[in-house]
Amino acid sequence: MDEQTKQSLLANGFVALLVTGGFLSSQLLLPKRASRKTRFIFTWLAFDALCHSIIEGSFLYYSTFGRSINTSQGFLAYLWKDYARADKRWGWSDPTVVSLEILTVLGAGPLAAYCCYLLLNDVAAYHYWAVVLSTAELYGGFMTFCPEWLTQNKNLDASDWMLFYVYLCFMNLAWVFIPFYLLLDSYGSITAGLRTVAGATAAVTKTQKSK
């Protein structure tokens, strides 16, 4: 097995480990009556919190105060070097990427964990914070790749199927489709709640007028 294959297997295996952690947390923490949809959302949010905190948190550490992934040592730096083959900006601490990661690590990570807490305790405010989190992640994804689209993808390497389909497509599109799904789900819950309130208010008003 060559070094690049080993590096890719370790990187993807570590991500799979975090997904497993999110899934196990949904099985252990949610009540047995929880729906499949709730378990899926909780699994995603738990994984999201772990990913932002551990994987992206390590990137932020290795990419500030004069450091960079390309010049750093350590297990997580080693894994990041594999992703940097697909997008070179992550290797040399691109200022735009690092700026977005500051918001992601310090904001989105804790917020994803907070959404898990709200979902676990069936707090209605979950839907508001899910909208905030999902909107932020969609915006972050756009701002990560839009500069590349405008400069002919000069830092992206799609020459290898692993780099293109797994790293550039799958791992990034997950943060497009799932946040968009969460937006739609919360939109449905919020509008249903507002319709219920509006209906109840109308009924009370009608009753008062009839007296």
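A Cβ is built for glycine as well, from the same backbone N, Cα and C atoms used for every other residue.
Nobody curates TrEMBL annotations by hand; they come from automatic prediction.
As annotated by TrEMBL, transmembrane segment applies to 9-29, 41-62, 98-120, 126-150, 162-184. Marked as domain 'EXPERA' by TrEMBL: 37-183.
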Using a Cβ-Cβ cut-off of under 8 Å, list the residues of the same chain that are 6+ residues beyond the ends of the transmembrane segment (41-62) and lie near it.
14-15, 18-19, 21-23, 25-26, 29-30, 34, 68-69, 72, 74, 76-77, 79-80, 90, 98, 101-102, 104-105, 108-110, 112-113, 115-116, 119-120, 133, 178, 182, 185
May I have the DSSP-based helix, strand and coil counts for the residues of the domain 'EXPERA' (37-183)?
115 helix, 2 strand, 30 coil
